[in-house]
Amino acid sequence: MEQNTTLLCDIDPMLDDIKIVARCISIWKSHPAGKPNEVWSLDMVLQDEQGNRVQATARTKEVINKYRLLIDEGSCYRISNFGVGENGGKYPFLNHRYKISFFRNSGVTRVPSWEKNPRGFNFEPFNNFFTKDFKETDLVDVIGTIVSITDPQPFTNYGVDKIRRNVLLEDLEGKQLELCFFDEWSEKFTKYAENPVSAGHAVMILQLARVKYFNNIAMEQNTTLLCDIDPMLDDIKILARCIRIWKSHPAGKPNEVWSLDMVLQDEQGNRVQAIARTKEIINKYRLLIDEGSCYHISNFGVGENGGKYPFLNHRYKISFFRNTGVTRVPSWEKNPRGFNFEHFNNFFTKDFKETDLVDVIGTIVSITDPQPFTNYGVDKIRRNVLLEDLEGKQLELCFFDEWSEKFTKYAENPVSAGHAVMILQLVRVKYFNKKPSVRPALFASKVWINDKIPEIEAFRQRYVEKPGYDPKKHTITVFSPAKKIISPVDFLDGAVKKMVGTIRDSNNACHMIVYAKVHKIHRENGWAYLACKRCGCSAKEIDGTASSSSASKFKKQQTWHCKQHDEITSVGYRYKVVIRVIDDTGSASLLLFDDMVYKLSGFHCQTLINQYGGKNHEDYFPDELNAMIGKKLLFRFEYTDFCKDNNHHVYTVKMMSDEDAIINSFKTEFMAEEGVNPEDLQTPVPSGSQSTKLTAADAIPFNIEVTPPTSKTHQADGSEPVVTPPNSGANIDGDAEAGSSGSLKRSIIDLDDYPEPVEDPKRGKHLVEVKIEPKD
């Protein structure tokens, strides 16, 4: 017992009379599967004080029974008189070249245990599993935090039904390792999977475990690229990283969750949207899936990329089922955040769709001050940011409300931000007057500003390498965007100046400008319409979506149809008002839309809808819009071939202005200001009398809302009656041109200046048309 002992790593069959001192850290009986009584051998793992390990075995029944009673796990022994053989057999363990065999007369004496490492742990760093190539015989110890546990996954192996469960372990550095357990081993995790909250921060040690490799994917050989996903494929399996995950919900109601959505990206950079819809599935996969981690996913559905918020330009998206297999796998080191940057030139040469989501990186050149505005009656804030790439190409970004607040600290102290580099991931592209603008997508987008991540550091370094680089030249500029001022040249350019009464005299299509007073509003044409919030086009309700059965568990989402965006779920009210304008030559009908009506009335459409307490806007006409009447402005509109050929004389106003400079430019060498009696330019006021006769002094309004009372005089020859002003002695054969002068009394009611009938799309009514027959 006092003689020298040999370290386990030095055991060799060429040595004589070897003596070892070691601790038994594991002992077991080897037997055929399912036959524990048919013992093959008694096996154990011995470990010396230096941490070296060797396998020991006893084969005959007599030797097995003897040493099973003598040797216990955790105890230390002095062992002598044993054999040394090759490390082979049915179940070779450890990476030792040899193993020892007990004889009938082998000496086994218990000795005092050393206090150091009583259980014999020898933990392997997680990084080693990705850098070293472990052999089949290697047994390792691991320790880590249990991150996730999958549900049991049944499968068949050589005709035998089995169960598999995967567990993800994480070390202190955040490195993750997958553990796989079968049958009885998988049942050890059932209580933790069923009640994960009570388990708290669960730490696990696994001793003497094997390392296996499966073509760098979890348990399956063949996977499908995300770009090749198709509903016609069976048993699809994918390997992807979750680069974004979020819960979709109505605006301002985060607890009313519609779905759990995510964007997955494979190693080749292909992306696809994934979704979980029911509450049970949402809760399950929200705990299993984390941003930045990689997963092997199987047993899922493939559907059309539609719904409330379709993302990406993939034709399909995947749906999670209750039994969808999600197994965390080791993350690939390349591009851990899944960036796929779009070149700035592409925004000016490509035509991005509404569903496209892109990533951009650039230097922040300027940030505007917050700009308040009202959208469908809701007060909002907008801020624009200008981004520049290495080639000097610039791209405008637009942010609203909470997103705009992210730039406040950089706008308030731009010097401290220095050379600010920003990354925006999963953002939409919109076009305004063919100019691209990038803005966040609902829920999905992420932003990094001056973060210490490799992509930002590398981008800034490329600036540093440019000749003459000076970081002071790349500080942020803050400015208040100037209000766009339309000059007289811009307003009048390419347009024909007209008096109202001469609009219909034009033989060619052109842009026209008139200077006229708002005389009346065509109330019969309504004042508002339901519009798509994305483009402003008219939205029509789709049948069957307005209501749902009271017995239904989930209320069906109401949808509308838009010509540009098909089925939509977000609508609002906008102005659409037909006004009558007048000057001393005649009158005409003009159509004004949302912004113009707001500028003339001072009220937003949605504000009036809310104020009058309902959506049935056809049933009333807000008095607030009467503020438009009497205002005199320049109106620019397009006189089209359609108007000329189809006798359509309601013109859509494109621009309007009450700026003195523009009005003076319009009047120059066109309208005579001298010799005009202001009283003659006043708008005639219709009489409130209910008499059936009109006197010569009664004014005839240009906008006839009811049929004017007239007298009918039958001719002696039985011809059709002629309409004349009652009590008028005027000569009917008088000069027609005299009737258009604002300084003379009219001798004839010249109704040629009245508009063509304007059809009310809701009531089917027309303005009254009075036919004039010439006098014989």
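Heads up, the Cβ atoms here are built off N, Cα and C, so glycines get one too.
In the domain 'Replication protein A 70 kDa DNA-binding subunit B/D first OB fold' (7-110), the DSSP tally of helix, strand and coil residues is 13 helix, 42 strand, 49 coil. Summarising the annotation, TrEMBL assigns domain 'Replication protein A 70 kDa DNA-binding subunit B/D first OB fold' to 7-110 (among others).
Look at TrEMBL and you will find 225-328 (among others) tagged as domain 'Replication protein A 70 kDa DNA-binding subunit B/D first OB fold'. Here the domain 'Replication protein A 70 kDa DNA-binding subunit B/D first OB fold' (225-328) is broken down by DSSP into helix, strand and coil counts: 13 helix, 42 strand, 49 coil.
Per-residue confidence over the domain 'Replication factor A C-terminal' (513-655) averages out at a pLDDT of 83. Taken from TrEMBL, the feature domain 'Replication factor A C-terminal' covers 513-655.
Residues annotated as region 'Disordered' in TrEMBL: 705-776.
The compositional bias 'Basic and acidic residues' annotation in TrEMBL covers 759-776.
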The domain 'Replication factor A C-terminal' (513-655), counted residue by residue under DSSP: helix, strand, coil: 32 helix, 59 strand, 52 coil
